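Below: one structure, written as structure tokens.
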Amino acid sequence: MVHTQIVAKRPWLKVGCTLGEGPLYDPETSTLHFVDISEKKVFHLNTQSLDLQVEQLDTPVSCLALRKSKPGLACAAAQGFALLEGDATLKYISQPLPVADIPYTRFNDGACDSKGRFFAGTIYSKEHGVPGKLYRYDPNDGTSTVVDEGPFTDSNGLGWSPDEKTFYFTDSLTNIIYAYDYDDGNLSNRRVFIDAMALGLPENSFCDGLCIDEEGCVWSARWGGSRIIRFTKDGAIDVEIIFPTALNITACCFGGPNGDQLFVTTAHCGAIGGDASRQTHTEVHPDITLLGRMAKLDTSIICSIINAMYKPYAPRQVQENGRPLLTLAETGAILEYLEEKLHGGLQAGVSLEDRAQMWMAKDAALFFINRVFQMSVDETWLAPPSRALILQQIVLPYLRGTEAMLKRLTNPPRTVTAASACMFTAFLFSLDMFPSLERVFQDGRSLEKCGEILAALGKRDAIERCLDQGAERKVWAERLCRLVPNMATLGSGAEEPGMRAEIAGHLRRKRSTPQDFKMATFSSTPIVIDGKGHLLGRLASIISKQILSGQKIVVVRCEEINISGSFFRNKLRYHNFLHKRHIVNPKKSGPFHHRAPSKILWRAIRGMVPHKSARGTAALERLKLFEGVPPPYDKRKRMVVPEALRVLRLKPGRKYCTVKRLSHEVGWGYKDIVDRLEEKRKIKAQAFHERKTAAMKLRQKALAETAPSFPQLTELGY
């Protein structure tokens, strides 16, 4: 059956949600409400003025519902049904989950019928045997009832037909949308309405949230599918809306002044093989066009490349057979490039749960490699007794943790992805430094799954064999030769005229740039640092050294700086700090208790410099700190300090909080103002970028159109 395809080329608003979900439109206030489950945030966007308000909660909220006669919203939170009463306040009205199940499951998507009955489902835990169920909260008597025991995997998109005689419910990981007969809150006659696998939809995409139009057709979001599909009442595909700039489409709802706009939320978490920059939007799209195809890269070529760069942990420039080995930074860049090109090919048939496990395994491998890279700078780091200590405290715990993650996979990977390549590199390092580990990687030993990956990716296929199979592979090999210096002599593509010079130039540019930016250079103009994502203590220590050496430094977005440890732990530590008093004269108020994010960073830096001396006083005068990005720094290029970035320096899974939230909780009263100013700045910056891009395109077009007249103008002396 031929159906309509609509391509939404550009996002309406870039919010940056990790797991955007639950869009809900309020026609009375023209407000779009939606949530970020992972970041525990609730967003309120005025669709007329684009004024965005954000509530930071302590509990994840997964879906929202409007209240009929009272302000605020109803919602499904982690443990049950609750009310959002403003000022980031959440109040549970029903917590039906058994106490034993609370650590292993949570509520997910939900919706209300016309009588205010709130339906919401839970997610399953395969490891602990907790099935997903469908619950109903009745506002008349305040009771919660299990209306379907399932078992379901990931309870998701649900809704009613216009006459409220049919109820639809999505079980995401089975890729099925069920239909029920609905009668005044009671469900019966469960049946399969949509079986995505039977319809031939891609195996690596899943049914997610849904909404229903006036004709009774179901609009279903496709996680991992970059699209929303409209199903008719008889289950046929009618319309597809395709989102080239987003991979994980999570939910949708109708809204706008006439109810004819479709608001769509997306996510960038767990996007195996995707580009995170494609997946950070909340969108509404009216454009219509055709869908293009994504390029794919041959797996055998990647096997050769991974084997060519198997030592990314070299602490200095190391040569093997006259060829330089890759550094950690170069390896990471290449893996990201490969994973983008491999999207859709190697991940077919991999479940969502397996993808999440692989992402955690990748993060653990990168952290392990990075940690070892730092230690390897010391030439005596593998000398006894530190050798045995490193093996027991670092290497073996990493290998055991990875083995446990791999055992939880239903389909362990045997092809090269960024995750398996990172693990492969970590395993090779372990074997190179500790040959005695070889026996535990063998079949039947304690690291059996790790051994399978090591064996699957350890084959050294020559690049020449791939180049003989087609011109397309040759083109890809040539492109990769430009990135991988080790391949300069591996393939015939690198022997073509000019290729060696290009690789040499690329290497010179690479080697001239510090791999780990420690701000060792000195600039006569102030260095502007974007504080977002940096660890407070590490950033303060680096800045203090630089300002003491004479460097002028400006730090913007201080409110987005991270502090390791949970929020509650840091809040308790701050309150303990508030109780400090003057020792000699108790009547004095004691030390100044700064609450603004910029002042918290300033105090940390001041404690690391001799601020009572003339040198320390002069150093602090070379430092400027700001919340947000005020002029003129909004038009200046901003830098990051990798030595202080949380994603590089903090173990994956470790808890952390932002200075903004801590400051707000202890009395800083300008959080909402800074958030509003930042949102306006981002909108202006996006508009400026679009104007600049359009001007560049017009200039290129003008040059192309006038190029034929250049020789004649030159002859005339112009």
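Backbone N, Cα and C atoms are what each Cβ position is placed from, and that goes for glycine too.
Since we're looking at a predicted model, the values are computed, not measured.
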Starting from the divalent metal cation binding annotation in TrEMBL that includes Asn156, Asp208, which of Glu21, Glu403, Glu438, Glu448 is the extra site residue?
Glu21
Please list residues from the chain of Asn156 (divalent metal cation binding site) whose Cβ is under 8 angstroms from its Cβ, counting only those at least six apart in sequence.
Asn108, Asp109, Gly121, Thr170, Asp171, Ser172, Cys207, Asp208, Gly209, Leu210
Distance check, please: Cα of Arg106 (substrate binding site) against Cα of Glu21 (divalent metal cation binding site), rounded to an integer number of angstrom.
15
Secondary-structure category, per DSSP, in which Asn108 (substrate binding site) falls:
strand
Quick check: with Glu21, Asn156, Asp208 left out, which same-chain residues have Cβ atoms within 8 Å of the centroid of the divalent metal cation site Cβ atoms?
Asn108, Asp109, Gly157, Thr170, Ser172, Gly209, Ala221, Trp223, Thr250, Ala251
Name the residue among the recorded positions Glu21, Arg106, Asp208 whose Cβ has the smallest number of other Cβ atoms within 10 Å.
Arg106
